[in-house]
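Here is the structure we will look at.
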Amino acid sequence: MEFTKMQGLGNDFVFLDRISSSAEDSAEDYPQLARKLCHRQFGIGGDGLIVVLPSKVADARMRIFNSDGSEPEMCGNGIRCFARYIYDQGLIISDPMLVETGAGILKLKLFIKEGQVQGVQVDMGEPILRADLIPVLGEGEPVIGQSIEVSGEKYLFTAVSMGNPHCIIFVEDFSSLDFERVGPAIEKHSLFPRKTNVEFIQINSPREITMKVWERGAGPTLACGTGACASVVASILNNRTERIVTVQLPGGDLFIEWGLDNHVYMTGPGNYVFKGNWLGL
Ligand SMILES: N[C@H](CCC[C@H](N)C(=O)O)C(=O)O
């Protein structure tokens with residue numbers, strides 16, 4: 001089975017193209033396939049599996065599966081790779097490009113120089129701030145400065161959805177944070193009925209933050225696009241930054257703007273790693 005490996009700021013994905021190839025997978029295969037293909041030793045390795053599919057309502061459809069097999073609503077780093085892939089394969093050349101996702105139909109603009117895709121700007125749509133839609137068992141809209149207790153320690157968080165749930169916690173410095181313990185404890189905390197991605201944010205200036213992320217269904221990753229968007233929304237809601245912010249991630253920088261139109265715009269790269277053939281042995 002042919003696949004393409006891609007990455008966006010080190011958040012890496014195995015791509016299966018079900019527009020160009022006639023392979024017949026059934027929908028129930030994907031969670032199991034994601035677990036198998038994403039395994040770092042027994043498989044190809046990746047934070048997730050992305051399936052390229054035809055769409056009746058957009059130029060193409062993206063389905064994303066975390067490495068644990070769960071299917072989230074959206075993936076920010078993944079959709080930038082997706083846009084580059086379908087453009088380079090000549091599958092879609094419309095500008096802007098419309099992609100059907102679990103978080104709705106998103107509009108993407110490709111920055112092309114000498115025929116090469118240099119970067120992608122994604123209109124991520126409007127942030128979801130209502131507790132019941134995130135979902136989080138919390139009060140009010142937005143959910144700001146709510147406390148959560150994990151292993152005897154209390155943290156204040158802000159909850160934002162970009163189609164998928166995010167729990168954002170501001171930290172003074174990362175050295176005092178037990179990331180590997182607190183991350184998974186919050187991911188699976190009962191306050192989040194569908195679990196949650198967890199972002200720890202350090203404010204460097206009104207236009208720059210540093211983010212560490214523990215992803216729902218994937219664990220620690222080098223970058224999270226939806227998480228970077230949610231973190232900028234949370235920073236603005238808490239009056240910590242302006243509306244245009246550079247998000248420094250372990251894998252590189254993302255450029256985020258929460259526009260006055262209430263849409264969040266994310267700009268960043270999408271890159272190839274290799275193509276291959278899964279032998280499944
Ligand atoms: N783990 C996430 C999905 C992948 C999101 C992330 N890789 C991104 O770039 O947005 C979730 O379960 O909501």
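Every residue gets a Cβ built from N, Cα and C, even glycine.
What TrEMBL records for this protein:
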{"type": "BINDING", "residues": "Asn11, Asn66, Gly76, Asn77, Asn164, Asn197, Glu215, Arg216, Gly225, Thr226", "note": "substrate binding site"}
{"type": "ACT_SITE", "residues": "Cys75", "note": "active site"}
{"type": "ACT_SITE", "residues": "Cys75", "note": "active site, proton donor"}
{"type": "ACT_SITE", "residues": "Cys224", "note": "active site, proton acceptor"}
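On the backbone, the CA of Asn11 (substrate binding site) and the CA of the residue listed as 'active site, proton acceptor' stand 7 Å apart. Rounded to a whole number, the distance between the Cα atoms of Gly76 (substrate binding site) and the residue listed as 'active site, proton acceptor' is 7 Å. When the binding-site residues Asn164, Glu215, Gly225 are screened for a Cα within 10 A of the Cα of Cys75 (active site), the ones that qualify are Asn164, Gly225.
Annotated substrate site Asn11, Asn66, Gly76, Asn77, Asn164, Asn197, Glu215, Arg216, Gly225, Thr226; additional same-chain residues within 8 Å of its Cβ mean position, judged by their own Cβ, are Pro72, Met74, Cys75, Gly78, Val213, Ala218, Thr221, Cys224, Gly227. According to its DSSP assignment, Glu215 (substrate binding site) is in a strand. Around Gly76 (substrate binding site), the same-chain residues six or more apart in sequence whose CB sits under 8 Å from its CB are Gly8, Val122, Met124, Met162, Cys224, Gly225, Thr226, Gly227, Ala228, Cys229, Leu254, Met266, listed in sequence order. Counted over all residue pairs in Asn11, Asn66, Gly76, Asn77, Asn164, Asn197, Glu215, Arg216, Gly225, Thr226, the record's binders of substrate, the longest Cα to Cα distance measures 16 angstrom. Around Cys75 (active site), a 10 Å sphere centred on its CB holds 32 further CB atoms from the protein chains shown. Under the DSSP three-state reduction, the residue listed as 'active site' is assigned to coil, being neither helix nor strand. In the three-state DSSP reading, Asn11 (substrate binding site) counts as strand.
When other Cβ atoms within 10 Å of the Cβ of Asn164 (substrate binding site) are tallied across all protein chains shown, the result is 26. Sequence-distant neighbours of Glu215 (substrate binding site) (same chain, 6+ residues apart, CB-CB distance under 8 A): Asp47, Asn66, Glu187, Asn197, Val198, Thr221, Cys224, Gly227.
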